[in-house]
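Copied over from TrEMBL, here are the features:
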- 18-270: domain 'Nitrogenase/oxidoreductase component 1' (DOMAIN)
- Asp42: [4Fe-4S] cluster binding site (BINDING)
- 343-483: domain 'Nitrogenase/oxidoreductase component 1' (DOMAIN)
- Asp351: active site, proton donor (ACT_SITE)
- Gly486, Met487: substrate binding site (BINDING)
Amino acid sequence: MIEQISMKLAYWMYAGPAHIGTLRVASSFKNVHAIMHAPLGDDYFNVMRSMLERERDFTPVTASIVDRHVLARGSQEKVVENITRKDKEEEPDLILLTPTCTSSILQEDLQNFVERASLNCQSDVILADVNHYRVNELQAADRTLEQIVRFYLDKSKNQSVVTQNKTLKPSANIIGIFTLGFHNQHDCRELKRLLTDLNIQINEIIPEGGSVQNLKNLPKAWFNLVPYREIGLMTALYLEKNFHMPYVSTTPMGIIDTAVCIREICQTIQQVALTLQNQNSKNQRLKEGFDTYPNAMTEGPPFENRGGETPSPFAQVCEGERHLPFEGVENYIDRQTRFVSQAAWFSRSIDCQNLTGKKTVIFGDATHAAYITKILAREMGLRVSCAGTYCKHDADWFREQVQGFCDDVVISDDHTQVGDLIAKLEPSAIFGTQMERHIGKRLDIPCGVISAPVHIQNFPLGYRPFLGYEGTNQIADLVYNSFTLGMEDKLLEIFNGHDTKEVITKSLSTESGLNWTVPALKELENVPGFVRGKVKRNVEKFARQNNIVNITVETMFEAKEANS
């Protein structure tokens with residue numbers, strides 16, 4: 001098992017090992033320190049985060065190295081020493097001990113280490129409860145966030161400091177924005193702008209930039225917004241079950257789904273307002289009828305008491321245009337669609353119509369791949385030959401979302417399978433991860449990156465959200481600019497922009513087993529650059545089917561007749 005994981009990690013993995021997800025969540029919170037019990041070499045997270053996020057803050061992760069001395073004497077003393085040392089040096093609110101595959105192989109009782117270290121620490125100390133053999137990076141991140149939230153809400157309950165009283169005005173928690181996420185920082189800004197436009201207050205944003213000391217305030221929000229399925233759903237489900245908090249998990253990506261998300265938010269607020277009004281009326285009747293029994297009102301007012309009379313929910317949120325979650329929402333959606341987002345106009349332009357029917361392949365995490373598939377198919381008129389995701393644990397949801405919007409669905413975390421599929425389909429463009437971008441380079445097929453795993457170029461300094469109405473503009477630009485324009489290469493050849501005469505092998509296999517004669521290569525050079533790669537692949541495909549080893553000019557013409 002370990003050898004398989006190591007080989008994948010050395011070669012390529014769409015989702016990393018579980019401890020990376022745990023570290024991403026821990027380092028997203030403020031004043032939380034993670035200690036990773038692992039051998040030297042597994043501590044690459046610090047380098048990766050500092051390089052990609054371009055943040056000025058120190059990455060709060062310490063590696064408790066497993067070496068030959070530890071193997072000889074045991075790890076307990078070293079791990080406990082590292083925890084107590086970081087407690088004194090950093091004074092964090094929380095220290096999270098992160099197990100790895102190595103610590104699991106050693107079968108060490110890390111929970112015992114945590115309990116012993118807690119006796120001498122001022123900080124809270126917990127062990128990340130994830131099975132490193134059964135979950136990947138994204139699943140571990142989702143579980144770790146839920147574990148931290150559960151720990152602090154249980155702690156607040158025991159201390160009687162948690163409150164379920166709602167904020168005076170409609171408010172939301174944004175759950176799932178965290179470090180190293182694909183355009184997460186830009187999406188967070190766009191979500192805050194969207195909620196502000198709807199006169200909805202931001203209660204808490206977790207884990208990125210949040211404080212574990214403020215987690216007790218999560219139940220004050222009217223609802224939770226989970227923009228990505230990969231992280232945050234477990235937390236939202238926990239809050240719904242234990243604190244009766246509804247959540248919205250429709251991702252506001254694309255014109256249609258952004259409008260759907262806004263309407264779901266407004267419906268949720270209406271339901272919560274009605275519930276609070278009924279609760280407020282019930283408590284008022286109890287107060288009037290049982291003044292001699294003050295203990296009869298155990299839950300208190302449904303709103304935060306800010307020194308005045310407890311207001312009616314509808315008095316606060318149902319005031320027409322001033323509070324958009326109700327009467328003004330359709331006008332807001334219309335204005336944003338027509339004047340802020342340019343995607344609706346662009347989809348009707350001649351530039352976008354030139355892309356109608358072009359074949360594309362989409363691959364990425366479940367959220368981005370599903371929503372980009374729907375955008376390309378129903379908003380831009382492109383043909384999605386295949387849509388896929390590497391989130392095998394969310395395969396059912398993904399299939400349900402893309403059904404009817406693509407010709408085929410692939411669920412795989414094997415990049416070679418994805419590469420062979422792309423080579424077979426020969427799409428006009430690919431929209432995927434950095435791996436699909438590399439595959440596209442080898443096949444001479446343009447690719448737009450729409451999902452993690454990512455490279456440093458996917459952490460732009462400028463504002464490039466994928467969510468909300470501004471995100472629709474970013475996606476439209478990405479889609480259009482990813483296609484090779486019809487006369488682009490030909491004009492560059494005419495004006496000597498670059499040398500496109502060199503014929504490069506674009507097959508994914510290292511040895512094609514085919515020999516091109518000199519006259520055939522010269523004939524291939526006469527083919528326009530923007531279709532030369534496709535012509536070459538078609539000729540080689542014809543040659544293999546007919547057991548031809550030496551490709552001549554005659555072979556090329558025979559292949560052309562066979563494909564016509």
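Yeah, the Cβs are placed from backbone N, Cα and C, and that goes for glycine too.
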Including all protein chains shown, what's the count of other C-beta atoms within 10 A of the C-beta of Asp42 ([4Fe-4S] cluster binding site)?
20
Summarise the domain 'Nitrogenase/oxidoreductase component 1' (343-483) by DSSP state, stating how many residues are helix, strand and coil.
73 helix, 23 strand, 45 coil
Predicted model, mean pLDDT over the domain 'Nitrogenase/oxidoreductase component 1' (18-270):
88
Cα distance, the residue listed as '[4Fe-4S] cluster binding site' to the residue listed as 'active site, proton donor', nearest Å?
48
Asp351 (active site, proton donor), number of other Cβ atoms within 10 Å:
11
